[in-house]
Amino acid sequence: MASLRRVKVLLVLNLIAVAGFVIFLAKCRPIAVRSGDAFHEIRPRAEVANLSAHSASPIQDAVLKRLSLLEDIVYRQLNGLSKSLGLIEGYGGRGKGGLPATLSPSEEEKAKGPHEKYGYNSYLSEKISLDRSIPDYRPTKCKELKYSKELPQISIIFIFVNEALSVILRSVHSAVNHTPTHLLKEIILVDDNSDEEELKAPLEEYVHKRYPGLVKVVRNQKREGLIRARIEGWKAATGQVTGFFDAHVEFTAGWAEPVLSRIQENRKRVILPSIDNIKQDNFEVQRYENSAHGYSWELWCMYISPPKDWWDAGDPSLPIRTPAMIGCSFVVNRKFFGEIGLLDPGMDVYGGENIELGIKVWLCGGSMEVLPCSRVAHIERKKKPYNSNIGFYTKRNALRVAEVWMDDYKSHVYIAWNLPLENPGIDIGDVSERKALRKSLKCKNFQWYLDHVYPEMRRYNNTIAYGELRNNKAKDVCLDQGPLENHTAILYPCHGWGPQLARYTKEGFLHLGALGTTTLLPDTRCLVDNSKSRLPQLLDCDKVKSSLYKRWNFIQNGAIMNKGTGRCLEVENRGLAGIDLILRSCTGQRWAIKNPIK
């Protein structure tokens, strides 16, 4: 606190001195501005000293030198805060401009442990400035656009749990450096009950001294998970707009104005900055192509191609309609976010909340878009802090989304996870409040969403049974798609994951493998009897010339017989050599599929 008081005293005294110089200068040397004269632009701190060499007046020269000295004193005082933490400020050094940073051989050895711990090279991060510059990957047109100065203020919310301190602080510095002062209401750091000591008093002392009055720290008393931690951040926010970000991002210049402008035009828009990648091993910033954000029927998020109308417009600066969001960053009007029920607090940890928000926003009167004119770089960690059993939480959360929002299409989520529609064995909690929310908001149905927002999503309404498929002569093995390049179905010890997801349809097709996602990506393949081979083929259904060769007669606990050849899918026991899946004349073997749909 003493050092901060000294800085404040220095500021006041020097400002008084500078004001005196300016008044004296104005009285003694009045300057008439002639027609056509241009005012000088305000220059960065580093350029101020250079101006004194061209000054026409010794008094002006003294003023400029004193201003430069004042800035240097303040900068050195503040920079001392980061040095006490072993960190670096300033715009140069390793990784400048988003280039890959490197370590010496001896440093690389020291970096291995922290790298494994955090899922990124935290040791290297400490050698990179908190203020480093990164590339501006915005489309050229974006840099020419002008925005109103009367935009709403934003509260930037970072969520962290056991992150490296340098990475958190670089996120904060980047937000401050690249968000106009009059638009940045506050920064809120939500600590989801971290264990690391450096994230307690050292973090709090640094941000309060470095950015007094700007940064709030909210601490959860127990580990809540990303979803509920974001809700806590929203509760603490006072800005008209709230931006939610992972605490391992860096912002590009000009990121905020286009986002806030779009929300000012329509408060029901949820805006996603375009995402670039920060490589977790060397912190190089890589440009990602403009994309929309979609998902699979398991509700795993993914990048998808922008819709056709965006491509047809031929303008890469235009907003991109998106069905959902990846989840590492989104910006929304604070009140509107509350009106639509925030994120689902009944979900655990994370996974699915990003899909739920996209569906809910579209069905309940809003929209969601990716903005190429706003770019944020994000570290994709190879290890995540909530890793323990994250698959279970994602599955549970996905079922909550399905039950509340997907109407008849909820079956697709159960199929994708290979779970029975009734009694799936997972307690998803009470969803009555979320269903009541949907009703009170008078939201559209999920069919409308698929038709108008996510028409690329594949649909599987023709499914009449799904799950593991077992033969009565070999009950410990299941039908499996085997290596993709072999195009041949096999038998494999049962595990119930995607390669063993069999799906029998009304048309008599027998599909094998995880559900497809969008129509632009390959679909699940069909089991085929080509009449020549003893081995059942797995082929693209649309490329099989004879419809009969891909159609099968099958009833539960009965034979699986091809309609074109009359041969049956059976198993052949070869003793020590194992069990083969073959096609041959029917011998009465029976098959059972796990989940018939009633």
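Every residue gets a Cβ built from N, Cα and C, even glycine.
Keep in mind that this is a model prediction, so the values were computed, not measured.
Here the Cβ of CYS373 (disulfide bond) has 25 other Cβ atoms within 10 Å, regardless of which shown protein chain they belong to. Residues annotated as disulfide bond in Swiss-Prot: CYS142-CYS373 (among others).
Here Swiss-Prot flags CYS364-CYS443 (among others) as disulfide bond, drawing on sequence analysis. Non-local contacts of CYS364 (disulfide bond) by the CB criterion (under 8 A, 6+ apart in sequence, same chain) comprise ILE340, ARG438, LEU441, LYS442, CYS443, LYS444.
Note on CYS494 (disulfide bond): other Cβ atoms within 10 Å of its Cβ, all shown chains, come to 17. According to Swiss-Prot, the disulfide bond annotation covers CYS478-CYS494 (among others), on the basis of sequence analysis.
Annotation comment: Swiss-Prot describes CYS526-CYS541 (among others) as disulfide bond, evidence class sequence analysis. CYS526 (disulfide bond) carries a strand DSSP state (E or B). Contacts of CYS526 (disulfide bond) defined by a Cβ separation under 8 A and a same-chain sequence distance of 6+ are given as PHE509, LEU510, HIS511, LEU512, LEU538, LEU539, ASP540, CYS541, VAL544, LYS550, in order along the sequence.
Residue environment of CYS586 (disulfide bond) contains 13 other Cβ atoms, counted within 10 Å of its Cβ in all protein chains. Annotation note: CYS586 (disulfide bond) sits in a coil segment as assigned by DSSP. Here Swiss-Prot flags CYS568-CYS586 (among others) as disulfide bond.
The domain 'Ricin B-type lectin' feature in Swiss-Prot is assigned to 465-594.
The N-linked glycosylation site annotation in Swiss-Prot covers ASN50 (among others) and rests on sequence analysis.
Counting every protein chain shown, 10 other Cβ atoms lie within 10 Å of the Cβ of ASN461 (N-linked glycosylation site). In the three-state DSSP assignment, the secondary structure recorded for ASN461 (N-linked glycosylation site) is coil. Taken from Swiss-Prot, the feature N-linked glycosylation site covers ASN461 (among others), and the record attributes it to sequence analysis.
Per Swiss-Prot, the feature N-linked glycosylation site maps to ASN486 (among others). In this structure, ASN486 (N-linked glycosylation site) is part of a helix by DSSP.
Residues annotated as region 'Catalytic subdomain A' in Swiss-Prot: 151-262.
Taken from Swiss-Prot, the feature topological domain 'Lumenal' applies to 28-598, supported by sequence analysis.
If you compare Cα positions, ASN461 (N-linked glycosylation site) sits closest to CYS478 out of the disulfide-bonded residues CYS142, CYS478, CYS568. DSSP assigns CYS478 (disulfide bond) to a strand. Within the same chain, residues at least six positions away from CYS478 (disulfide bond) with a Cβ under 8 Å of its Cβ are GLU468, LEU469, ARG470, LEU491, TYR492, PRO493, CYS494, HIS495, GLY496, GLN500.
In the three-state DSSP assignment, the secondary structure recorded for CYS373 (disulfide bond) is strand. Put simply, ASN486 is the one of the recorded positions ASN486, CYS568, CYS586 whose Cα lies nearest to the Cα of CYS142 (disulfide bond).
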